[in-house]
Amino acid sequence: MVMAWRFFFLGIPLLNPNPKFPNPCSFSTSFLITKTPKKHKPKRPKPDSPRTRPVTPDSNKIPQFESLLDRDATFRFLTKTKEFLSKQSEQILPLDDAGKLHRELGFPRGRKVARSIARHPLLVTTYRHSDNKIWLGFTDLMDQLLLEEKSIMEAVEEDRVTKICKLLMMSKNKRIPLSKIYHKRLIFGIPEDFRDKIGKYTDYFRLVIEDDGKQVLELVNWDPSLAVSALEKEFLVNEDKVKKAFKFPVKYGKDLGLEENDVKKLNLLNTLPLVSPYSDGWKLDLWSLEAEKYRVGIIHEFLSLTLEKRALIHHIVEFKEEFSLTRQTYEMLKRQPWTFYLAGTEMNWAVFLKDGYDENGNLIEKDPQVLFNEKLYKFAQMQDEELSSEFGEK
């Protein structure tokens, strides 16, 4: 027995007394799992950074608003691809080229575009062209939806002209670079071809070419009927509601011994009157109370003009020169939680106009474009068999 163990440690193979059974030393151990599978590994916590840190603490979050940002992320590929392909001459794009346009088409960088296409089979598809290459394009259903959207745009054209006029009337010099309005047109429901229609509305605004070649849209006529903000209209209907919309508290010493009711009255005197966003508030002392009232009113009116009564911060900051906004916009909005809600992360957050939504997080008034978008999102989540069954039931 001692001799056998000596042979084993010296690496000398032992004779197998029973040839019917293989030597146990010759079995392979490659089938053994030596590493923990990735799916069983505990997930690492996301690093704390402005990219992941919520702009609103969990205890104060409104889930309905946060879920709307999640919905935007879910349909980012669809919305951006719809916009990009619609501008192409034949609304098609080689799949090889599409794979390089992650920013323009809205799919994650480093991922295959085919994965995003497969998520919306009723709206976008691939097919083999006559040149034997694979192309990306719209389905027949999507083509029908685009025609429907075009008819909606034609029906609401006057409303969009009014929105542009109100933006120009709020701006510092009653003029805004055309590129800024074009880049942020979607949040207002302004159509892609509005630049070609400027000549139809010369009584309202005109296109000015500056010395450096920049195209600027300039207001032609001031319309007093449009210079009424959403807050002013609401004040005529529900005065108490508007009085509670903003708070600009007065700082006072505790030795005054003011009661709670007295404090409310004092704060109300400090809050009212508000400053109209259509006034020359940009001339006020930048850090004065009246100037802050003006900037708060500007953002409130800006959001009221959007389709969904909300906007990402970079949509608002795009117009910082025209609306005299400061770097303290974030702190300013956080001081008004009764009217504004901030959602998202510190790096990319959105501002919601709370009055535009009901208690369930649904828009109180829905623009025809919003209704169309909801219809589009519904189709985006369906598969071919679901569409067949739905129309079969009807």
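Easy rule for this one: first residue shown is 1, then count along the chain.
Every residue gets a Cβ built from N, Cα and C, even glycine.
Going by TrEMBL, these are the annotated features:
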- 34-61: region 'Disordered' (REGION)
- 61-383: domain 'PORR' (DOMAIN)
Original post:
What residues in the same chain, six or more past the boundaries of the region 'Disordered' (34-61), come closer than 8 Å to it by Cβ-Cβ distance?
Top reply: 337, 341-349
Subject >> Composition by DSSP (helix, strand, coil) of residues within the region 'Disordered' (34-61) >> reply: 6 helix, 1 strand, 21 coil
